[in-house]
Amino acid sequence: MSVLVKEVIEKLRLDIVYGEPELLEKEINTADITRPGLEMTGYFDYYTPERIQLLGMKEWSYLISMPSNSRYEVLKKMFLPETPAVIVARGLVVPEEMLKAARECKIAILTSRAATSRLSGELSSYLDSRLAERTSVHGVLMDIYGMGVLIQGDSGIGKSETGLELVKRGHRLVADDRVDIFAKDEITLWGEPAEILKHLIEIRGVGIIDVMSLYGASAVKDSSQVQLAVYLENYDTHKTFDRLGNNAEELEVSGVAIPRIRIPVKTGRNISVVIEAAAMNYRAKEMGFDATRLFDERLTSLIARNEVQNA
């Protein structure tokens, strides 16, 4: 998986100072970024030319302080064929020697008015998400009250129908049938649709529905953090389901675990409302309000009072 230089330009709204069309088609294969400070002093032992080179005020100031011929020579060493692009932050003026070296070495020179630290963070975050390894899972990913909920279950259980009902209730569809999930960092999962399935949902007996066309742009979302997993399964009288919410399960994807709850599907149950309640209950727990703990405390208090009265 790779990202093209032109995609970075479009995402971060960079300005092109120098860049022939073919240079903007160069591939970026690493999310790491280099700020070439030591390299400008002539130390290239651990130089990583395959990364995007980002110059901020410090690097630019040192470069400008150098004699013109020295500036050109050090830039010639930095600009190698495998270098995707060079970005100059803060809207700083690109020296003529840099343009000359870029033309000779065929390297795109880009600029941004953003502060270096902010630009570095945005660039790293974008490349991390684009280059992260994807894991495809079967299910429906919904944005419910701003929280990403992954709905899974056996084939034919009604995942897509539940997703459509949630859309009608004002929530947003992220992905149906196939959800591509990646770890944005060590504790966060994100999900997005396959490009071919974007904004589409399949309903048995009806066919494929374009959710954006039918319900508007507010009914869809391109990606979402995955915070809760819901597993739908047929109701079985011989199986015990969690009734208090104290039997925690987890779903692990790409080394990151998220909580998962199991919801029994039975005639007459409004599953979309149950999932809404599950999402709100999870958010309440994250904010420190735990209904299960409150029930336990009330039950313990009631038992204690009864013991005193019966003593």
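Even glycines carry a Cβ here, placed using N, Cα and C.
Per Swiss-Prot, the feature active site maps to His138, Lys159, Arg243; the stated evidence is sequence analysis. Annotation source Swiss-Prot lists ATP binding site at Gly153, Asp154, Ser155, Gly156, Ile157, Gly158, Lys159, Ser160, citing sequence analysis. Among the features that Swiss-Prot reports, Mg(2+) binding site is placed at Ser160, Glu202. According to Swiss-Prot, the active site, proton acceptor annotation covers Asp177, on the basis of sequence analysis. Under the heading region 'Important for the catalytic mechanism of dephosphorylation', Swiss-Prot lists 264-269.
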| field | Gly153 (ATP binding site): tally of other CB atoms within 10 A of its CB | value | 21
| query | Other residues with Cβ within 8 Å of the Cβ centroid of Gly153, Asp154, Ser155, Gly156, Ile157, Gly158, Lys159, Ser160 at the ATP site? | reply | Leu232
| request: State the count of C-beta atoms found within 10 angstroms of the C-beta of Glu202 (Mg(2+) binding site), not counting that atom itself. | output: 13
| message | Below 8 Å Cβ to Cβ and six or more residues apart, same chain only. Which residues does that give for Ile157 (ATP binding site)? | response | Leu232, Glu233, Asn234, Val265
| note | When pLDDT is averaged across the region 'Important for the catalytic mechanism of dephosphorylation' (264-269), the result is 82
| request: For Ser160 (ATP binding site), just count the other CB atoms lying within 10 A of its CB, please. | output: 21
| query | Of the binding-site residues Gly153, Ser155, Gly156, Glu202, which sits closest to Asp177 (active site, proton acceptor) by Cα distance? | reply | Glu202
| query | To the nearest whole angstrom, what is the C-alpha distance linking Gly156 (ATP binding site) and His138 (active site)? | reply | 12
| note | Ser155 (ATP binding site) -> DSSP, reduced to three states, gives coil
